[in-house]
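Inspection log for the structure reproduced underneath, given as structure tokens.
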Amino acid sequence: MALLTALLAFLYHLPHVYKWLLRPYYVASLFMSVAFLAIRKTPGVCDHLSTQREDGNPCDFDWREVEILMFLSAIVMMKNRRAITVEQHVGNIILFSKVANVLLFFRLDIRLGLLYLTLCIVFLMTCKPPLYMGPEYIKYFSDKTIDDELERDGRVTWIVEFFANWSPECQSFASVYADLSLKYNCAGLKFGKVDIGRYGEVSKKYKVSASPLSKQLPSLVIFQGGKEVMRRPQVDKKGRAVSWTFTEENIIREFNLNELYQKSKKLSKTKGAEEPEQEVVGAQEEDLETKKDK
């Protein structure tokens, strides 16, 4: 039954996945992920490769290569248990496939290993995953605007995501957060984002570490009257984030969004409340232009 459910879910999202995989970044990543498989199985090329197989067939995996692939497959399965989007699932597969390719190429020939590792480094430095460009109702803050917006109207509750563009977790969460903003945004409940990878002072003031070791990205914080009410993930005494899964269901439950939305939408849309809404739209359009420039 579980396999049938997973298959139906995959078929449901297939048009979206197909369109997503055609992006140049992922096309190149997929080719790099199957590089060793292609070389090991291509007639005329594999004939010149070394092998430890008893039958001496250089065009098939030997026992050590199978062990490496099985080990990396187990890691991918464990990692994907915490994945929250199709993009994150595929991203994990691509990442660990590249790791496996590095190990396999170095084992096969150190020159091939160095060449493949160099290509991975160049690809990492020159190519970035495409940013989410779908519909959303989110205001993007800077270090100069965040305080004023949060304190402007004490009746408005803000849910703010602290993120960094370089973080894979933040990139995967972007579509989830955008969907929440479309469902729950109203006069008294608004959604915001601030890039602490770009605005370091904001990171210090709101005590959200941008270090990959802290695992605090993304962080969601609720503000009421400019003051923090709740945040996820929570941070322990050592400054490390307590493990928490950023699924839509978890956010709705932990932040009690349904009840918060019912209370917030009753806020009368006075002139003072309408103006921030217009600013949100303008800021959203401006940020989309910024994303395109990046």
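If you go along the chain as it appears here, the first residue is 1 and each next one adds 1.
Using N, Cα and C of the backbone, Cβ positions are placed for all residues, glycine too.
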Stated TrEMBL location of transmembrane segment, expressed as one of 25-43, 63-81:
25-43
Give, as a single whole number between 0 and 100, the mean pLDDT over the domain 'Thioredoxin' (114-269).
89
